[in-house]
Every structure is written in structure tokens, then in C-alpha cells.
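J.: This is the structure I want to talk about, given as C-alpha cells.
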Amino acid sequence: MPHTDKKQSGLARLLGSASAGIMEIAVFHPVDTISKRLMSNHTKITSGQELNRVIFRDHFSEPLGKRLFTLFPGLGYAASYKVLQRVYKYGGQPFANEFLNKHYKKDFDNLFGEKTGKAMRSAAAGSLIGIGEIVLLPLDVLKIKRQTNPESFKGRGFIKILRDEGLFNLYRGWGWTAARNAPGSFALFGGNAFAKEYILGLKDYSQATWSQNFISSIVGACSSLIVSAPLDVIKTRIQNRNFDNPESGLRIVKNTLKNEGVTAFFKGLTPKLLTTGPKLVFSFALAQSLIPRFDNLLSK
């Protein structure tokens, strides 16, 4: 019996992925800020006081309520980037998957077998979409700078920064970003598909229940974060530099190995698995559950 999934409409994919992105940013933006600040920190943290200073920066001595509000820098950029990213990734991957199914299904099936071939097409489609995600890089750069290096903004808005710095500078690190996204998205969608195929035994992935989507999203998210961790550290350090003090990815790799050792490339992995992991699982499972439901509503 052929392993085929029911197709959803483009509008359903747009609504489902956008809803997942909006709900994710509302819940997880402060967590993302903490993770980015830990990854950008070059010193060893040996006490709770030092951790407090790294996370809250100049506001570390203020009351807890005020400190918590400082974890929402760059929310406008973050919201714009996250919603567009989720729409592009979660809504776009099915289109890439359909393209591969239409033109290369036989090749994948001959190479990997029918069941594994289906999962590999899903992974390959995710990788293609992940590489194309660099078009959104300027918003990601501004989001990270607002989270980790807010003084580089100096009161400037988006248009002023674009005029002052030039669009090219906002695409700084695009090669490293593509190199990170390709295996990361491959592992995300591939892990998700393999879990549905081999652990859950689903024939039509779109018919997965919320709990099944949750389980498969855990597998995909953990695989993605582990695979992309080293390149994610490099990408983050490229992007959080001052606009007037850029540093190449190769120089960052060299200096990191020299000053911090190879384990530095996995800095922030544990908090990222504990923080970004649930965030990615949440939005991925939500998008996979909402898209078929929106499709059913729109088809009535």
C-alpha cells in the first residue's frame, strides 16, 4: 500500500504555521533571550551572582519584576522573525516535500526503500527550506543584537539601521547560517518523519493525533538542536558583534578553539535543549496539529 499523506491547502498551512509562531513567541521569548545571552558569554560562570549578571546585564541588581521585563528586548523583531520563520518553514516544507514526491519519489524509494524513502524526502525537503531561510536573516540578526548587544542600536529604528549599516551587513554570517540550517532542518523534519514512520507506524502523517505529533516533534527537535549546536554558536557570535566591529566566522572558530576549547561549540546546548527544545517541540507539534484542522474547517 503506497505511503501517501493527505494534502492541505496553502491557506491552511499559512494559518496553522502562523498561529503556532504567534503562540510560541508569546510563551518563549524570555527563554530565548536567556539562551542567547548564555551562548554569547565568553567567561566561565561559577556562581549564581555571575549567572544573574550574565542573564540580566545592567539590570541584575533591580527588583525581580523589573528584571523579568528586561528579558523582552527586540520583541518587535522577534515576533516578526518568528512568525515569518514558522510560516516559511512549517508552511513551506510541505510544498518542497510535494515537489520531491512528484519528481523524485521513485529515486528515493529505489535508494532507501518505500518507508525510509518517504521519511528521507521529508528530511530533504526540510533541508532545502532551511537553506532558503537565510532570506529572513536581517530580522534574526536584529533580534539577536537586541537580546545580546542592545547598545549597538543606540536608539535607532529598523529603517535607520538599514540606511546606516546597509542590507549587506544584516546578511553577515549568511553562509554559516545556511550551513547550520541545512543539517538542522534535515534532522528536524527527518527525525519527526522517522518517528512517525517507525515508532508510531503512521501511514498518513497528517492524521497524527496531538500526542503523536508531540512525540515525533520531540525526536525531531532534539536531533536538530544537537546536530546544529556548533554552527549555531558560531552564527550567534557573528551576529551579536557590533555593527562597526565585524568578525569572520573562521576567525571566531580559531579564537574559540584557542581560548575556550572545542567544548565551547556546545556552549548553551544543555539550556537550549531545556529551553529551545520545548519551544521547538511546542510550535512544531502545534503547527502539525493545526494545519489539518484549519484545512478541515476551510473545506466545509
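Glycine is no exception: its Cβ is also placed from the backbone N, Cα and C atoms.
What Swiss-Prot lists as repeat 'Solcar 1' is 8-108. What Swiss-Prot lists as repeat 'Solcar 2' is 117-198. Residues annotated as repeat 'Solcar 3' in Swiss-Prot: 208-293. What Swiss-Prot records for 14-34, 85-101, 122-142, 173-189, 214-234, 268-285 is transmembrane segment.
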J.: Mind checking which residues reach the transmembrane segment (85-101)? Cβ under 8 Å, same chain, six or more beyond either end.
T.: 4, 7-8, 10, 13-14, 16-18, 20-21, 24, 108, 121-122, 124-126, 128-130, 132-133, 136, 140, 185, 189, 283-284, 287-288, 291
J.: If we skip the immediate neighbours and take only residues 6+ beyond the ends of the transmembrane segment (14-34), which ones have a Cβ under 8 Å from one of its Cβ atoms?
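T.: Hits for the transmembrane segment (14-34): 8, 55, 68, 71-73, 75, 78-79, 82-87, 89-91, 147, 271, 275-276, 278-279, 282-284, 286-287, 289-294.
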J.: Residues sitting near the transmembrane segment (122-142): Cβ under 8 Å, six or more positions beyond its termini, same chain?
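T.: Here the qualifying positions are 74, 77, 80-81, 84-85, 88-89, 92-94, 96-97, 99-100, 108, 158, 161-162, 167, 170-174, 177-178, 181-190, 192-193, 205, 239.
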J.: For the transmembrane segment (173-189), what are the same-chain contacts with Cβ under 8 Å, counting residues 6+ beyond its ends?
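T.: Apart from its flanks, the transmembrane segment (173-189) reaches 89, 93, 122-127, 129-131, 133-134, 137, 140-141, 220-221, 223-228, 231-232, 234-235, 238-239, 249, 280, 284.
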J.: Sort out the residues at least 6 away from either end of the transmembrane segment (268-285), same chain, that have Cβ-Cβ distances under 8 Å to it, and list them.
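T.: Apart from its flanks, the transmembrane segment (268-285) reaches 20-21, 23-24, 27-28, 31-32, 34-35, 38-39, 86, 90, 188, 192, 210, 213-214, 216-218, 220-222, 224-226, 229, 232-233.
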J.: On average, what pLDDT score does this prediction assign to the repeat 'Solcar 2' (117-198)?
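T.: Within the repeat 'Solcar 2' (117-198), the model's average pLDDT equals 84.
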J.: According to DSSP, how is the repeat 'Solcar 3' (208-293) divided among helix, strand and coil residues?
T.: 71 helix, 0 strand, 15 coil
J.: Of the residues in the repeat 'Solcar 1' (8-108), how many are helix, strand and coil by DSSP?
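T.: Result for the repeat 'Solcar 1' (8-108), in helix, strand, coil order: 83 helix, 0 strand, 18 coil.
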